[in-house]
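**Q** Sharing a structure, written as C-alpha cells. Questions coming.
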C-alpha cells in the first residue's frame, strides 16, 4: 500500500508546471507584475524563486512589458551584494517570461510580522542596518529601487536581509533633463512626496520609503494606512512628516526625522544613515565593546532591586486576604539562588593556579579553554532553557545580543511603566555585600536556569579558533573573564579561568550573560579585502609603540601624553611646533583616548605573528605581552569605571574644545586628551578604522619586516605623533615636573606669538584664499559621523531599567488579578465596595492593564470573564434599588449619617456607584472593553439606572458611561442607539434639575452632539425622527427655560435642595475618608470633591447669579443645547412639525423674552441668541409650521429684537435673523400682519429702511405688504409711511413697488392720499375723518386755490434734464416736490428697467383719480416727459399705457394749461406713431389722439 502512495506523490511532483530545468512547486507570492513560485531544479535539486510574468498580446502593451522586464533583468545581472537577492538566469517562453532568483527560506518581513507579531526596536535596528548596506550599494551603483517595503525585504535563516523585487527600479544614468522619470511607480503608502508630485525621482525616495518601512515593522502598518490611498497620498504631501510612533527611542526618532525630510536635497542618504547612532547601536550592544564587569555583583544588584520593587509594591497596595487567592511569592522565592556559583577558597586557589599557568604557556591554555567550554556547554545543554521564544520564531543575527530582553521591554518603555520610581531602583545598586549573597544562596532551593550559547557549526568553530589562540596571551590573574573577538564575524566567546580544568563541571554565569546567537556566515574575502586585513595588522602592530603614550593611574588626569625623555622630546618638538593643526584632530584625539581599549587584541595578534616568524625571540615576546596585558587590564578596569560614570557631556566637551582658543588661560579648559570617554565615543573610534588609513600610512612598517626595522622608526613615529596630535595653538601639559611644564608653556607661547606676527606680516597667497574642499571619502565619512554626534545611546542603562519595569508590571498584574478574583456576587457589600475602589485606583494609575477585565486568565490563573461578574453584581443591585425611590434612599442616608454602619439601601446605592465608577474607568478610550460590554448586554443593564427614580449620583455615573460609548467606538454607539433605546435613555438623563446636578445633563448633551458627529448605521434623518418621538426638543427647551427664566420661588426651593444635596455629599465624603484611614488608602475616590461638581448658590438658581467661571460653563452648554435644536430645525417637515409643538416653542419664547430684558448682552450670550433666532427662522420657512409659531407668540419677541438695544454688540446679525423670520411669517397673511402692526413693527422697520443697509432688501417687502393689506391704517399715518414711499420713488430698484403701494393706498383711502399728494402737508387720519364732511364741501375752492398757488410759484423744468437724487429727502415736502417725484417715474432712464411697465400703470390710476394732481403734473412738465418716453419706448405694452396717460391729458380740461410748443411736439410724435409703429393697436390709439388734437 505504501508503494502506490509514493508513486502518486512522485507523479504529482512530476506533473507540476515546469520552465526549463525547473519545476514550479508552490506559489509563494503574488504582485501586480506577476506570480512568484518556489522552484526545484530537476537535476541539481536546489530550490529557487521563479518570477513568472505574463507576456501581453497587444503589441503596445507587449513592448512596454518587455522593456520593463529586460530592465529588471539587466539590473539583477550587474548587482552582486550580500544584502541583494541573487539572480540566476532568465527563461523566456512564448506566453511567459521566467526570472530565476535566489530562494530565501523565511520569506519577507511582512509575513514575519503577520505571523509572529511586531518586531522590537532592537531587532528592527539589526535588519535596517543590513537594508542600509544594500541600499548604499544600490545607490553607489546608480540604481533606485523605488519600492522599499517590508514585503520586498526577504530574510534568510541566518538573519540576513535581502532586497528583492526590482520591477520598478531604475538607474540614475537613464534619467536626464530631457527624459526625467516622473512615472507614478511604487506603493502609495511608502511613496516619497516628490514621487507623488511627479517632480522627478532620486535615491532620496528610497530613504523615505525606508522610514515608512521602519514604522511598518514597529506598528504593523505603514503611515496613514488607515486612510484610503488617495487620502494617504494627500497627507504625505501636505503634512511636514508622517506621524512618529510613540514609545521609540530618541535615536530612532531622530533617524526617522532624517528620513522624512520633505526636501529631497537635504534628506540624509543611505551612506550618511549608516553612521547614525541608532544604526551603530547594533555594534554598541555587542559585548566586545563593553568593559568587563563583575557578573556576580551585577546579578546581586539586579536581584536586590527587584526585592526593593516588590516590597515597595506591597507597601503601596494592600492585597486582599483570601484563601482562594494565590499568594504572591516572597522576596526570597521571587529572587532564587544561582546555581553553579559555589565560590569557595579552593576554587579561588584553583583559579589562581590556572591563571599563573596561563601566563606561562598561553597557546596550550587557549586550546584547553576552548575544549572545556565546548564540553561544558554540551554537558549542561539539557539543563538550560532558552530565554525567549523569539529566538525560535525569528532568525536573529549575531550582532544583536540584547534583543531577548528588549522584545518584551521595548513596547512598554514609554508607557505607564516608566513611572516606576527611580529612587527605588538606585537605592540598592551600591548596597550589595557578601551577606546578601549568602542569604540568596540559602533560599528556598529554587534554581535559575542560565541559558548557554547555541552550538556552533564546524565552519564557525574554525573561524573562531585563531582568535581564541590569540586571546590566550591576554589571560591574567586579575581578570575573571577573557573576551576574544573575531573581526570578520563580530562573534564573542567568553571563558573563565576555572573552566580550564578538565575535571571541573562548573559553568560560569558570565558565559550565559554574554552569550550570543550564531554569527552570520560571511563570504570569502576578496583580494582587496585581504590586503585591507594586512593593513589592519600593520596598524595594530603600531599600537604597541603608542602604548608608551598611555596614561597611568598615578598620573594627572589631564596629562595624557607621557614622553620617556623630556629634553629629547623638546628638541624633537621645537622644529615641528610651527605646523598647523591637523584636519582630523578629533579622530586622533578619540583614538588616543581609547588606545588601551583597542590595543588588547591587536597586541595579542602581534605577539602571535612574532612567534611564528621569529622563534629566537619567542620568550621575550611572551614576557613583553604578559607585561603589556597586565597594564592593559588595569587600564581597562579604570576605563570601565570611567565609562560607567561618564555621560554625553564630556563627549560634547571634547568636540567643542577643538574650536576654542584660549591663549592666556592655564586651566583645565585647554585641549586635553581624556581617557575617560563614554561608550558612544569609544564605539565611534572602533568604527573609524577606514578613516584612519591616511594616518596609519605614516606609522611603522609592514608586517613582514622584523622588529629591528620597527625599532629604527621610533623617532619617526614620535615625530609623526607629535605632528598629528599636538597643535601649535594649544598648551600641552606633560607628566614631568612643574618646572619642565613652565618651560614648555613659555616656549609654546613664544612660538605662537612669532607665528602670529609672521602670519600678519605676510600677505595671503592665492592658494590660501581658495576654499578647501574635502577630497577623500574618509574625510566625508568623518563629516557624516560628526553630524550625528549630538545623539547619545545608553543601551546598558536602559536595558536594566526596562527589566525592572517588567518585573514591577508583573507584580501589579498579580495584584489586579487578586482583586478581580474577589469580585463575586456572594461577597458582602463592604468587601465589594472596597475592591471596586482599589481596582478603580489601579486602573487609573495603570491604564494599560484594564484589558484584564476582558481576559479569562493571567499568569496561570484562569477565571471567569470579570466584566460578566461585574454586570451580574450590578444587575442584582439594580433590581434591589428599582423599588426604592431616590428620595427614600436620600432620607435613609440622612438619618444614618452619624452612625458607624450603613443601611442596606444605602450600601446598595454605594455599591452601584462604585461598580459604575469601575466600569467608567475601564472603558476610557478602550474600544474592546466597550464592545465586550455591548455583547454581554451590559448597556441595557446600566441604562436602566438612567430614570429619575434612582439617585442623582447613580444617574451621573450612567451619563459618564453613555458619554464614553458615544465617544470612541462606532460599534458600541450603534448598539446603544439601535439595540438599547439610546435616544430614550438620553432624554431620561436630561430629565433632571439643572442646578442640582448639571454634570449628568452636560454629559447627555455631549453624547447627543457626538452621536450626530460620528458615523452611525442609521442615517441622520432616522436619528432625528427617533429623538423627536422621545420628546428631546421639549426637554432641551425646558432646560433652557430653567437656566434663563427661573422664578424667585422656584429658585429658592432649588437652592434649598442643592444645599441639602451638598450636605449629603459632604457626609458621604467623611464616611469614605474614615474607611480609607482604616484601610490605609492614599488615593481619594472621584466623589471626594463635590465642590467642583455643583455651583454654590446663595439666593437664586438663575444663571445671572452664578460666578463668572460657572456662568461661562453653563452658557457653553447652553450653546451646545441650542446647536442641537438648530440641527433639528434643519430637518424635514416631520421633524419640524414635532419641534413646533406649543410646549416647545413657548419655552423658547420665554427665553427670548428673558434675555431681552437684560441690560447688557455680551458676545457669549449673543452667540446663543443667534442660534435660537436661527431655529425660529428655519421653522418659519415651513408653511405648515407658521401658524403654530404664531399661536405660540413668536412675533412680538422677534419685533423686540428689531429695535435698538444698547447692550448688544453687532446687533445687525440679530436684526438679520429676526427680519428673515418675520418675512416668512408675515408673507401673504393679513392676520399676522395686523399682529405685527399692533406690536409696533413700523418704527424699527422704517429705521432699518432709512439706514440703507443690506437689511433694507428684507424690510421693504414687509412694508409694502403692510401698506397694501393692512386694515389698521392709523398706524401707517402716524409713522408718516407715505412720505417714506414717496422717497422710495427715487430709488431705482424700488420705485415701481413704491408707486404701486401708493396707488393701492389711494384706492382704499383716496381722499386722504390725494390730499397728501396735492398739499404736501402731513394730514392726521383722525382729524381728516372727523372733518370729512366739511372738507368735502370746501374741496373745489381749496383745489382752485392750490392750483393757482402752484401756477404762481412753479417753474417749468424739462423732464429730460431731471436727475434722480441718491439721498433721501426731508419728511416734510413742499407742494411742487411731490409732482416732480411722480414725473420722475417717466424718466427715459427707467424705460429699459424691467419694472417700468409695472410702474406707469399705478401712475395712470393716480392721474385719473385727481384732476388737481393732473394739473400739478402738467405744470411740472408731464407732457415733455411723455413725449420723450413715447419717442424712446419700443414696447407696445408700455406704449399703450403711455398713450392712455396722453389721452387723459388731451381729453381733460387741463389741456389748456399746455403751451403751444408742447402741443406741437405731442402732435408730431403721435403722428409718427400712427404711421410708423408696428402695433396696430398703438397706431389706432395714436390716430384717435391726433384727431382729438386737430379738433
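Here, residue 1 is simply the first one shown, and the rest follow in order.
Cβ coordinates come from backbone N, Cα and C, glycine included.
Pulled from Swiss-Prot, these are the listed features:
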ACT_SITE  147  active site, proton acceptor
BINDING   28, 29, 30, 31, 32, 33, 34, 35, 36, 51  ATP binding site
COMPBIAS  319-403  compositional bias 'Low complexity'
COMPBIAS  404-419  compositional bias 'Polar residues'
COMPBIAS  476-515  compositional bias 'Low complexity'
COMPBIAS  594-646  compositional bias 'Low complexity'
COMPBIAS  1325-1372  compositional bias 'Low complexity'
DOMAIN    22-279  domain 'Protein kinase'
REGION    315-419  region 'Disordered'
REGION    476-519  region 'Disordered'
REGION    593-646  region 'Disordered'
REGION    693-712  region 'Disordered'
REGION    1325-1373  region 'Disordered'
**Q** Can you count the other CB atoms that lie within 10 A of the CB of residue 34 (ATP binding site)?
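**A** If we count other Cβ atoms within 10 Å of residue 34 (ATP binding site), we arrive at 20.
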**Q** Round to a whole number and give the Cα-to-Cα distance in Å for the pair residue 28 (ATP binding site) and residue 147 (active site, proton acceptor).
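**A** Distance between the two Cα atoms comes out at 19 Å.
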**Q** Whole-number answer please: how many Å between the C-alpha atoms of residue 36 (ATP binding site) and the residue listed as 'active site, proton acceptor'?
**A** 17
**Q** On the three-state reduction of DSSP, what should I expect for residue 34 (ATP binding site)?
**A** coil
**Q** Under a three-state reduction of DSSP output, how is the residue listed as 'active site, proton acceptor' classified: helix, strand, or coil?
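**A** Where the residue listed as 'active site, proton acceptor' sits, the three-state DSSP reduction gives coil.
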**Q** Using a 10 Å cut-off on CB atoms, tell me which of the binding-site residues 28, 36 is the least crowded.
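**A** Sparsest of the binding-site residues 28, 36 by Cβ contacts within 10 Å: 28.
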**Q** In whole Å, how far does the CA atom of residue 30 (ATP binding site) lie from that of residue 147 (active site, proton acceptor)?
**A** 15
**Q** For each of the recorded positions (30, 147), count the other CB atoms lying within 10 A of its CB, then report the residue with the highest count.
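**A** Answer returned by the neighbour count: 147.
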**Q** For residue 34 (ATP binding site) and the residue listed as 'active site, proton acceptor', determine the Cα separation and express it in whole Å.
**A** 15
**Q** Taking DSSP as the reference, which of helix, strand or coil describes residue 28 (ATP binding site)?
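**A** Once the DSSP labels are grouped into three classes, residue 28 (ATP binding site) ends up as strand.
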